[in-house]
Amino acid sequence: MKIKTRFAPSPTGYLHVGGARTALYSWLFARNHGGEFVLRIEDTDLERSTPEAIEAIMDGMNWLSLEWDEGPYYQTKRFDRYNAVIDQMLEEGTAYKCYCSKERLEALREEQMAKGEKPRYDGRCRHSHEHHADDEPCVVRFANPQEGSVVFDDQIRGPIEFSNQELDDLIIRRTDGSPTYNFCVVVDDWDMEITHVIRGEDHINNTPRQINILKALKAPVPVYAHVSMINGDDGKKLSKRHGAVSVMQYRDDGYLPEALLNYLVRLGWSHGDQEIFTREEMIKYFTLNAVSKSASAFNTDKLLWLNHHYINALPPEYVATHLQWHIEQENIDTRNGPQLADLVKLLGERCKTLKEMAQSCRYFYEDFAEFDADAAKKHLRPVARQPLEVVRDKLAAITDWTAENVHHAIQATADELEVGMGKVGMPLRVAVTGAGRSPALDVTVHAIGKTRSIERINKALDFIAERENQQ
């Protein structure tokens with residue numbers, strides 16, 4: 001049997017991390033079994049579904065490289081198919097027309113609740129033989145079995161049972177002729193030959209209804225697996241107050257897709273004590289029986305740790321392709337300065353996100369208007385003039401501009417003046433970067449370049465002279 005899974009988001013907003021994890025689990029299960037992964041857009045909610053949301057979902061899937069083998073299919077383009085199946089069910093007697101008014105249904109609901117009963121349709125039209133005009137408004141309901149129970153073996157939670165007496169006669173077509181969500185899902189899974197449905201636990205109550213409809217259609221019933229929800233680190237349902245929840249917001253915040261995927265796969269699944277997984281390892285090791293039944297807690301610090309790992313573990317040339325977007329957001333012209341791959345090597349240890357890297361690299365490419373006030377006050381003082389003049393001259397004398405030779409020039413300055421490296425290094429760092437913090441000074445000066453470094457040292461000397469004149 002060929003394994004076939006699907007990810008079926010409703011395009012009413014962005015792709016959130018819960019949906020992304022569900023998509024990842026479905027994708028991994030299919031890839032692990034050499035099967036196929038289908039993308040289906042469940043856009044039957046015409047009022048809330050938007051083209052922007054569809055685009056956001058696609059962007060998130062593409063950024064995570066969760067490629068699909070079929071689709072995207074759109075439910076709104078399959079209404080004729082759904083209605084044809086409903087008409088077939090009406091003929092076979094597994095569905096019926098319901099003419100009950102909203103007023104009657106509301107009165108029935110209130111009466112049942114007053115008695116402490118669970119609100120449900122009483123089946124009046126199921127057993128009615130009244131004649132109605134063809135154009136009289138009605139809904140179509142599924143004739144749910146009235147006896148027995150629905151049992152399915154959830155691949156994560158184990159056997160789950162629902163009594164048919166607890167299930168309503170579900171509306172499968174509205175008065176406007178549009179099919180309902182639960183019915184469309186059934187026909188789609190049938191037509192698309194989905195073998196395994198992996199989705200959130202909020203769909204558990206839909207499952208017995210969908211199984212009954214599939215059986216009424218004499219269609220194969222897929223295997224179901226319901227993934228637990230994701231909570232914030234405070235144990236409450238994950239929401240914006242816990243930080244970003246949109247996949248693309250993590251892109252915007254400077255995370256690599258590899259880091260988010262690695263974090264999401266471990267958010268409810270484990271393979272021994274292993275924490276770091278390549279995409280290939282995820283595919284090789286992923287199984288549903290290793291997915292936890294318990295809710296997971298989203299920990300941003302753990303994700304940040306993973307992101308820092310991947311910034312330094314992945315090839316710098318690859319990381320640079322993602323960094324480019326953030327550089328563009330900062331409007332930095334990188335034509336005069338180090339290659340972005342070299343920048344990744346320079347800043348990788350210091351920066352935990354690509355956004356942080358982009359925001360802290362401008363001095364490599366563009367001159368700054370002024371020095372950081374605190375750093376200048378502390379390090380660009382008259383006592384720094386001589387070390388800066390000497391190191392400037394030694395840097396200017398370098399014919400082979402390498403980080404090693406830059407280091408020798410700084411060390412030689414300290415030796416000549418018989419001062420510690422800090423007496424040379426800190427004024428030099430502020431002079432060439434404009435701030436008090438940077439990567440190792442030799443590689444920083446080397447990356448900034450000989451001409452620009454000397455110009456900035458001269459600017460720092462002018463700054464010191466100006467301060468002296470003001471005193």
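Glycine is no exception: its Cβ is also placed from the backbone N, Cα and C atoms.
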| Annotated range (Swiss-Prot: motif ''KMSKS' region') out of 42-46, 102-106, 157-161, 237-241 | 237-241
| message | Between 9-19, 108-118, 141-151, 350-360, I'd like to know which one Swiss-Prot lists as motif ''HIGH' region'. | response | 9-19
| note | In three-state DSSP terms, CYS98 (Zn(2+) binding site) is classed as strand
| query | What three-state class does DSSP give HIS127 (Zn(2+) binding site)? | reply | coil
| Shell of the Zn(2+) site beyond CYS98, CYS100, CYS125, HIS127, same chain only (C-beta within 8 angstroms of their C-beta centre) | TYR96, LYS97, TYR99, TYR121, GLY123, ARG124, ARG126, SER128, ARG141
| query | How does the motif ''HIGH' region' (9-19) divide up by DSSP, counting helix, then strand, then coil residues? | reply | 3 helix, 1 strand, 7 coil
| For the motif ''KMSKS' region' (237-241), what is the mean per-residue pLDDT, to the nearest integer? | 72
